[in-house]
Amino acid sequence: MDATLPLLTLPADTVVLPGVSMKVGLSKETAVAMLKLFEKPKDKDVAYSKATQDLMSSVNKLQAFFKLKRTSADGYRNASLITIACVPRITQKQIKETGENNEAGAHDSESVTPVLGTNSTEVNTSVYSFGTVCRIVRFERSGTEDFQIVVEGLSRLELGQLVDKSGLVPTARIKVRVDEDGESASSDESSDKEPTWSKTELSQLEVLHASAKEIIDLAAKSNATQFSKLMASQTTVAASVMKQLTKLGPNPGSARDTRKTAGMLVDLLMAILPTDFEDKIAVLAAFSIPERIAKGSEILKTKLDMMKITEKIDSTVDSKMNKQQREYLLRQKMRAIQEELGETDDRGEDDDLKELTQKLQSLKLSPEADKVVSRELKRIKRMPPTQAEYQVCRTYLETIAELPWDKCTEDTVVTVDQARTILDNDHYGLSHIKKRLLEYLAVLRLKSLRSESEVAQEETAAAASSEGPNGQLDDSAKPIDYSNRAPILLLVGPPGVGKTSLAKSVARALGRKFQRLSLGGVRDESEIRGHRRTYVGAMPGLFIQGLRQVGVNNPVVLLDEIDKIGGANFHGDPAAAMLEVLDPEQNATFRDHYINFPVDLSKCIFIATANNLDTIPAPLLDRMETVHLEGYTYMEKLHIAKKYLVPKQTKANGLEVDQVVIPDDVLLHICTKYTREAGVRNLERKIGAVCRAKAVDYAKSLSADDGELITVVDEAKKGAHSSYDPVVTIENLTDILGMEVYTDEDAQDAKEEPNSSHIGVVNGLAYMGTGNGGLLKFEATQMPGKGQLKLTGKLGDVIQESAQIALSWVKSNAAALHIDTDFDKVDIHLHAPAGAIPKDGPSAGVAMTLAFVSLFMGKPIPPSIAMTGEMTLRGRVLPVGGIREKLLGAHLAGVNRIMLPLANKRDVDEEQRKGGDGGVLDKMEISYVKYMWDVLELVWDLRFDPMIESRL
């Protein structure tokens, strides 16, 4: 339907949608001009002008179309019957953003209208080519000059040509666009046909219905403040939304009615929600209801999601801001309620703080420590418990209160014999370390024998001499007594030799508490000295934590794996931090970064353990008394297994001592063929496996009576278990432990063929690095070549140099040895069997030299001979280490004729004096050599004339 209506250009970013009421501001001149358009002529004889007649005709047609009723007979002055066209404007900013005036349906130069209420000479503003047919509900006087009109949207319109643009209120031709389905005043027959729903339209309708329903639900919630305010400000529109939403269901009936309802719902929701101007323009431009539903459902869903997120963020921020205040108020209310009910907690915050204060005041602290504690107590009393610093300060004070400032363990000073008995019961051998510990215990006992009166007199005299001018003790002037300082021992040895258990035995012998601190993998200096309290999660260092856990200030502290402590890095140097702890002249005033005042560590007995000394810094090593613990020999392992391991594993596996019998030869076979280690850990595992196997055999031999297992005591009384043999034999080990892990073919050959000899084959002696020794065979051969020496068997640099020295000595003494070989025409190959095992060291020099001499002279070497020693280019035999292990290894291999350097005779004498060899050395024929010529004489009973060294 076409009509002519007054044209009202809306303010910027303003859109009037059908079915929605809105206030629009007008100037006084514009309001008067609009009313004059519908004013009756004063003279009854004067007819309406042509423009007025067209305007009145259009208004009458629209009134009939929209079924508007007059409320009085006051002619066209009744404001409720005045109908106008409201068109949104395109601002200059929007024109610049789009880059062209015709963007978004803007008119050409003919459709540009002036801003209402201004002179026509001012800058024009473009308007959209579509708008809304509105009726003026009422006029309102907003001030002395301006007016406001309340307009109600009736339908969409399409803007045509301007009819009159001379006045303040222009008129224009419009086309009313109710919908695209033909429901207008001029609808044809096709409008009677019922439209159908497509799948896409149904899906969009469901989204629209769900979004609208969720908006209403959110508005009903108490915490949805944003939606509540919107709904409250648009009460009329909100009521219309509820009415249309009730009509609109998930299963629509009449498609025509449902479309009308959905179209009206989109317009109403776009008016309620704070949507953008562009979104409202897009909905207003959608003349087709399906198109309007599609755009509206998309816009509403997006805006609804954004508003839900905004509501959630606002709620979260508000809750976090008020959390502390709410907690404080709740605590106060809870305390008041408990007081009224008489249910107050006797152990409240104040009571705990009072108890902590009393505990701190009762400690015997130094003046510096007492000053720090007093200051922190004053601080914490002024803080509210909700303050973050409160818990930090309280943790610090609790840490100080839990430290053993004046708590110590009274040493159970036993006699030297009693202490030795305790150490011997826990460990076999280790006589040198036991000797050092007994020395300390003896000194401690002698000091304790002084009378209490003498000690009191000395303390009184020392206190009087160190008093300051005010009669108070001056700690800075008090001399430090180092006479009673405990030793700082470093036990160095391979794994499993009993370093950790030895420290426990020392604590048991003294009656002191034991504390173990693992230093392996410590890479941060703060783990030793502690963190400063300014850091989040700060805590004391390992030593302060250890004292806190053990509860006394004089424990035996084991510094385990001190050789594996980290070196200098960007976290500091932990090894350097240990210098103060392990210095007897400094650890009395050890300052932890967390405590931040001196703590006395001088009363602790520090025992450190390490596997080697190479990784320990020299300054740190200098502060400790090093005691070497060598690996156990096979004979020592035999005694340890008999005395400690077998009874322990027998009991652990539910057997009695007499129910498992492992002879010495079986234990020795386990040590040599199944375990080769410095300690006894793996040996204990193998013995445990043997005991478990015997436990299975013993359980099988038990008789069953009526399905119940007969007890061992009952069976013993009956004389049962005749089929059970408690004795373990070597033949049983294969079934229990499997095949032998280590085989000594060379030793077996020496035992089975004692008279067989081979040219160029010699038995050396090697220390295996696990506390054990054994044979190290060398094989030499020659072939035509160019005088090259080839070495195989995974030999290290040192042993390769020893081989070169040996060959050079043979070449230089070839004439004296009666060797006529042309060394430039032969290649020499020296091989050490067991090529997968690395071999290194200078102690095989004598053996390799003898192999070369045997090769070139063609003389075989008896397999019953073994030797060790380093050799120089002049043929001098130098001393080597590991003599005890090498001799015992040779004995187990069946070799009893040994050649040692003369300088190692003292080592053999010392072992015989200590008796740690179990009488093995007395059964061996040991020869001592000083030069290589002595070796040749002992092997082949030949005398050689060495070369005369020229002195010219």
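Just so it is clear, glycine is given a Cβ too, placed from its N, Cα and C backbone atoms.
If you look up Swiss-Prot, you'll see Ser843, Lys886 marked as active site, on the strength of sequence analysis. Annotation source Swiss-Prot lists ATP binding site at Gly493, Pro494, Pro495, Gly496, Val497, Gly498, Lys499, Thr500, citing sequence analysis. The compositional bias 'Low complexity' annotation in Swiss-Prot covers 458-467. Annotation source Swiss-Prot lists domain 'Lon N-terminal' at 5-304. Here Swiss-Prot flags 179-198, 457-477 as region 'Disordered'.
A map of Swiss-Prot features onto the structure.
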| residue | record | DSSP class |
| --- | --- | --- |
| Gly493 | ATP binding site | coil |
| Gly498 | ATP binding site | coil |
| Ser843 | active site | coil |
| Lys886 | active site | helix |
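Cβ atoms within 8 Å of the centroid of the Cβ atoms of Gly493, Pro494, Pro495, Gly496, Val497, Gly498, Lys499, Thr500 (the ATP site) belong to the same-chain residues Leu491, Thr609, Leu629, Ala678, Gly679, site residues excluded. Neighbour density for Thr500 (ATP binding site): within 10 A of its CB lie 15 other CB atoms from the protein chains shown. In the predicted model, residues of the domain 'Lon N-terminal' (5-304) average a pLDDT of 69. Listed in sequence order, Lys499, Asn611, His628, Leu629, Glu630, Gly631, Ala678 are the same-chain residues at least 6 apart in sequence whose CB falls under 8 Å from the CB of Gly493 (ATP binding site). In sequence order, His427, Leu430, Leu629, Gly679 constitute the residues six or more apart from Gly498 (ATP binding site) in its chain with CB-CB distances below 8 Å. Take the Cα of Lys886 (active site) and measure to each of the binding-site residues Pro494, Gly496, Thr500: the nearest one is Pro494.
The local packing around Pro494 (ATP binding site), expressed as other Cβ atoms within 10 Å of its Cβ over all shown chains, amounts to 18. There are 28 other Cβ atoms within 10 Å of the Cβ belonging to Lys886 (active site).
With the fewest other C-beta atoms within 10 Å around its C-beta, Pro495 stands out among the binding-site residues Pro495, Gly496.
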